[in-house]
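The structure appears right after this line, and notes come after that.
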Amino acid sequence: MTKVSVIGSISMDLVTRTNRVPNAGETVFGEDFAMVPGGKGANQAVAFARLSPNEVSMIGAVGKDAFGESILQNFKENAVLFENVGTVPQTTGIAQITLYDDDNRIIIIPGANNEVLPSYLADLWEKIKESQLVILQNEIPHETNLAIAKFCKENAIKVLYNPAPARKTDLEMIDFVDYITPNEHECKELFPNLALEEILKKYSNRLIVTLGSEGVIFHDGETLQKIPAIKAKVVDTTGAGDTFNGAFAFGLTENLSISDSIRLAVVASHLSIQKFGAQGGMPKLSEVKAKLKELEINLY
């Protein structure tokens, strides 16, 4: 069995749906509110687990509070191993999410996620060493990500790095990771002075840029490849990127090519945005296979 470790953020999403966002000093009525488990790391672990029979382990931290307890129960229900999720004397991270007009705005309060420092991993390096693939994002401290990426490079462990949300230090990671999956905005933050095609060619078969409703673009070493998105009735886009990353990682562990892994991930993302919650719409493999068959896309 392929072992995947996701090292990253674990949060509770506080989600409000409204028909418009208030201006400064204005109050508007919302249409709905919910609390659902989230955090980019946790979301990507759940997305992978929904698709794969292989072991996926979450490494991170929650607080000593009701949100933390609820999140650990959610990992259990989704077959994500969580023995390496610590409980720390901090509040569990939260994300305040406003849904409107088929899009979202998010404010993150890291809480316990900021406690996932290199020192926090002191007893976990051997566990990480057992992994065939490690998935990272940007909702834990940069120095932790960099330490993990360097460790994985030294130990021939593949790393999928999702540089979200973007930060100036992300470029330090590039030489130590195998796959980079920014969206278009994050890509511009990473490479502000280079044209997209130039960047993709430089990092062929490593840089995969998601373009929302425009699909996904990458360079295969010979030509630029663009894989279109699939039209859908949008309910909630919050977990689309995390679903993409979890599904892309699954494709890689299934020994699919990069392009076929992307196609699978695009289908998974398409299905995810048709239900509420970052994790609520994440599909099972049977759902993805049914959609692939409907679209006459043969990956297996």
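Backbone N, Cα and C atoms are what each Cβ position is placed from, and that goes for glycine too.
Annotation source Swiss-Prot lists substrate binding site at SER11, MET12, ASP13, GLY39, LYS40, GLY41, ALA42, ASN43, GLU139, ASP242. For ASN183, THR210, LEU211, GLY212, SER213, GLU214, GLY215, GLY241, ASP242, the entry in Swiss-Prot reads ATP binding site, with the evidence type sequence analysis. Look at Swiss-Prot and you will find ASP236, THR238, SER272, LYS275, GLY277 tagged as K(+) binding site, backed by sequence analysis. According to Swiss-Prot, the active site, proton acceptor annotation covers ASP242.
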Using C-alpha atoms only, work out the spacing between ASN183 (ATP binding site) and SER11 (substrate binding site) and round it to an integer in Å. 21
Given the binding-site residues SER11, ASN183, THR238, SER272, and counting only Cβ atoms in the protein chains shown, which has the most within 10 Å of its Cβ? SER272
Cβ atoms within 10 Å, counted per site: which of LYS40, LYS275 has the most, among these binding-site residues? LYS40
Show me the subset of LYS40, ALA42, LYS275 whose Cα is within 10 Å of ASP242 (ATP binding site); these are the binding-site residues I mean. LYS40, ALA42
Rounded to the nearest Å - Cα separation of LYS40 (substrate binding site) and THR238 (K(+) binding site): 10
Fewest-neighbour residue among binding-site residues, criterion Cβ within 10 Å, set ALA42, LEU211: LEU211
Pick out which of the binding-site residues ASP13, GLU139, ASP236, ASP242 has the most other Cβ atoms within 10 Å of its own Cβ. ASP242
Just give me the nearest neighbour of ASP236 (K(+) binding site) among the binding-site residues SER11, ASP13, GLU139, LEU211, GLY215, Cα to Cα. ASP13
